[in-house]
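Before any comments, here is the structure.
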Amino acid sequence: MATLTVPTTVPSVSEDCEQLRKAFSGWGTNEGLIIDILGHRNAEQRNLIRKTYAETYGEDLLKALDKELSNDFERLVLLWALDPAERDALLANEATKRWTSSNQVLMEIACTRSANQLLHARQAYHARYKKSLEEDVAHHTTGDFRKLLLPLVSSYRYEGEEVNMTLAKTEAKLLHEKISDKAYSDDDVIRVLATRSKAQINATLNHYKNEYGNDINKDLKADPKDEFLALLRSTVKCLVYPEKYFEKVLRLAINRRGTDEGALTRVVCTRAEVDLKIIADEYQRRNSVPLTRAIVKDTHGDYENLLLALAGHVEN
């Protein structure tokens, strides 16, 4: 369930564009007006605003925003203003230029998007960077990380609910054997995680737990400091319990000394139109604090206000 709230009666696109233009003119920027408009429009409406703004004023809205805003608020507005596929392409491209921890972002995009969303992100990557996401991932990663991430970002999973129980039993046994032998990056382990439908993986992992007594992620905790195993556990979580994965990302982003604004921004703006309500419910269940209250405690100013708008916070 999404948390984004869109007014029942939305002003015309030209009116939104005019108001945004006003927000940039004169002394200082009217950040509140930017939040009121962009923070309450869906992806289709934001795309139309960008298109109309460029046609009306001969300037890209993103460039106008870039000139007027700064810091975490600017990053959040610019990411939010992008089409979801463009946003995923940008986040993935940034991840290919950083160290190992950014492998998680690539895995997150590959495993929490639908087959079509991931395909559109790859197409947007072509258009924006004049090369493929796959070649950048292959160039950026090595060893086991490349072995796992390349098929994940290249996949186009079946999305039906049909499950083959015989296959689930066979592959649960196969996964258990490989994990018992510590063959974590075995071709078959990666094949199952990178190609099977989410419904099929769920059935396989349920059978794994019933048959062998442990959740698969417990068996993948052999070495807590092993970064590849951590990525493998996150992959499983993203495929089966995305809300638990995102809750943990938010918890780590907010509950540390100094907020990880990068992770907080990424999760809120990529999930606000998808399932942020479910993630927020999981956050409250796990931390006994509403997500919006945690955001208020850890952020401030316009950045806080836009995060709250996207998280569906309503002023009392």
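The backbone N, Cα and C atoms fix where each Cβ goes, and this holds for glycine too.
What TrEMBL annotates here:
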| type | residues | note |
| --- | --- | --- |
| BINDING | PHE24, GLY26, GLY28, GLU68, ILE254, ARG256, GLY258, VAL296, THR299, GLU304 | Ca(2+) 1 binding site |
| BINDING | ASP298 | Ca(2+) 3 binding site |
Inter-residue C-alpha distance, GLY258 (Ca(2+) 1 binding site) and the residue listed as 'Ca(2+) 3 binding site' (nearest angstrom): 8
Cβ neighbour count (within 10 Å, all chains shown) around THR299 (Ca(2+) 1 binding site): 22
ILE254 (Ca(2+) 1 binding site): tally of other CB atoms within 10 A of its CB: 21
Residue pair ASP298 (Ca(2+) 3 binding site), ILE254 (Ca(2+) 1 binding site) - Cα distance, angstrom, rounded: 7
Residues near PHE24 (Ca(2+) 1 binding site) in space but at least six apart in sequence (CB under 8 A): ALA64, LYS67, GLU68
Around the Cβ of ASP298 (Ca(2+) 3 binding site), the count of other Cβ atoms that are within 10 Å: 18
Neighbouring C-beta atoms (10 Å sphere around the C-beta of GLY258 (Ca(2+) 1 binding site)): 6
